[in-house]
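Going by TrEMBL, these are the annotated features:
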TRANSMEM  34-54  transmembrane segment
TRANSMEM  60-82  transmembrane segment
TRANSMEM  89-112  transmembrane segment
TRANSMEM  171-192  transmembrane segment
Amino acid sequence: MSSLIQEKDPINPMRAYSNAVLQMHWVLKCLSKCHVVVALVMLILALAADYVSYRVNTVRLHGVAEVCAAYFLLMGIIGICGSASHRRGLIIAFMLMGLHAAFIFAPIVIIVSSFDIHFFNHECWGECDWTLLSASLPRDSRCQILCGKEAIDENRLSTMSRLGTDYRIDAGLITLSIIEFLLSVATTILCFRQIFGFMSAEKCINPTANVELVPLNDKQEKSSDL
């Protein structure tokens, strides 16, 4: 008898729904904190890579990893605010940023760091007859990359710049980017499930929202006709 009463009790599905929402927000909050930690470590490694590059006088794409790490950090902060305030707009922003982080920013760091490792391990040197900061490219301009110190004479080596950075720093950046990719995919899936899954659950829990209201006069007229 008690089981029948529990099945008809409308409070139980509402309680289960609220518990599921709270649990989902707790998971999103944990993921947001992981985004913040990974972004801070990546930012430190990116700054260390730039410092090593300036000290050893090598050429790398400065600022790319820093911008991506700042994006990951901002995404984590928005996720923390959204999971704490339960605002659907922040959750949607968190989902969209996770989608961009997974398929744009994390692969960019992986590709750039992979090129740095390749150039550094193969002792590649580069030379251009124009500066990278020039407003327009001159005609008949060219850049040349040579790998292997033995294939370059000493006179030409003095006019070329070493490419890449220490592989240990770039390997750390690649590892953090892979972790960030996995976290971003999980974030996007959970946010999508929370936004669209719980909206359908609300409709199932509140069936009275779809009930047609019939005026009392119509009911009396139908009963008199019978």
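Cβ atoms are placed via backbone N, Cα and C, with glycine included.
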Contact set, same chain, for the transmembrane segment (171-192): CB under 8 Å, 6 or more residues outside the stretch: 24, 27-28, 31-32, 34-35, 38-39, 41-42, 45-46, 49, 65, 68, 72, 75, 79, 91-92, 94-95, 98-99, 101-102, 105-107, 109-110, 113-114, 117
Same-chain residues near the transmembrane segment (60-82), Cβ under 8 Å, at least 6 residues beyond its ends: 28-29, 31-36, 38-40, 42-43, 45-47, 49-50, 53, 89-91, 93-94, 97-98, 100-101, 105-106, 108-109, 112-113, 116, 163-165, 173, 177, 180, 184, 187
